[in-house]
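Marked as compositional bias 'Low complexity' by TrEMBL: 1-21, 129-138. The feature compositional bias 'Basic and acidic residues' is assigned by TrEMBL to 256-265. Among the features that TrEMBL reports, compositional bias 'Basic residues' is placed at 266-275. If you look up TrEMBL, you'll see 48-118 marked as domain 'J'. What TrEMBL records for 1-30, 114-145, 256-275 is region 'Disordered'. Summarising the annotation, TrEMBL assigns repeat 'TPR' to 147-180, 218-251.
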Amino acid sequence: SAPTPASGVDPVAAAPAVAAPTEPPKPDEGRLAQQIEQRFADIQAKRDHFSVLGVPQDASRDQVKAAFLSLAKVFHPDRLPPSLPHLAQKMTSVFESIREAYEVLHDDARRKSYQQNLQGAQALPKPPAASGGRPGAPNSARADTNAEDLFKMGEVYFRKRDFLAAVEHYERANALEPKPLYLAARAWAVYMDPSRKADMPRAKQWMADAVRMDPNCDRAHYQLGVIARVENDMDRAERHFREAVRANPKHLEANQELRLIDMRKKNPPKKGLFR
């Protein structure tokens with residue numbers, strides 16, 4: 001998992017809420033604003049993880065880590081000066097793309113899978129062919145150029161419990177078109193992966209980030225509700241399930257969870273004689 005450059009702060013924590021600036025940005029802050037805008041444009045242009053970190057494809061893990069830490073000193077959301085509050089969301093998206101690049105390239109298995117996907121994408125014809133790709137083929141031309149299709153392929157892999165491939169597709173969707181939904185999906189795939197228990201706290205933080213970015217992200221609320229239920233924090237679980245249903249009244253699973261909670265309230269488990 002990625003090192004946390006700021007002590008005690010998750011790297012993707014939101015920039016603090018700030019009042020409207022009373023002074024114009026300083027020259028170095030103006031340069032930072034240009035860098036943020038350029039980096040955000042790079043995300044839209046779908047730069048690969050190696051380009052994001054500025055490292056060669058044969059870079060060592062130490063080189064990847066050093067590049068990440070160097071970029072984090074500039075683009076960590078906590079570094080955003082009060083004079084640039086309008087760039088807070090872009091700064092968060094930029095840092096998320098940097099951290100995603102680090103986490104993929106610093107993990108040998110994920111890096112190998114990513115490079116194979118890159119090579120597969122490069123081998124595809126640039127213009128979409130009329131007979132392009134079999135339905136459901138993960139490397140079809142459209143799936144490599146459309147965030148929604150990447151997300152849908154991630155859903156397919158998740159249902160197959162191929163968490164590594166699911167995370168990879170969710171990450172690529174989010175890098176191409178940053179959305180709280182894609183971030184929440186990625187977080188859940190990491191959380192559910194038995195081989196990534198150490199990343200559970202980070203996955204929970206991503207879900208919280210998704211809710212902060214979009215309070216109506218029913219998927220993130222539902223996932224946080226399930227986690228709270230598993231942790232036996234039923235008050236918090238109920239709050240998240242109710243928020244999920246508020247955002248999406250047709251959310252089947254959240255409605256089921258609330259019905260179960262209501263049933264338990266009406267028929268609490270019998271306890272001892274005195275309690």
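Backbone N, Cα and C define each Cβ position, glycine as well.
Curation plays no part in TrEMBL annotations; they are all automatic predictions.
Away from its own ends, the compositional bias 'Basic and acidic residues' (256-265) comes close to residues 222, 225-226, 229, 234, 237-238, 241-242, 245 of its chain (Cβ-Cβ under 8 Å, at least six residues beyond either end). Mean pLDDT across the repeat 'TPR' (147-180) comes to 90 in this model. Here the repeat 'TPR' (147-180) has, by DSSP, the following mix of helix, strand and coil residues: 28 helix, 0 strand, 6 coil. DSSP places the residues of the repeat 'TPR' (218-251) in helix, strand and coil in these numbers: 27 helix, 0 strand, 7 coil.
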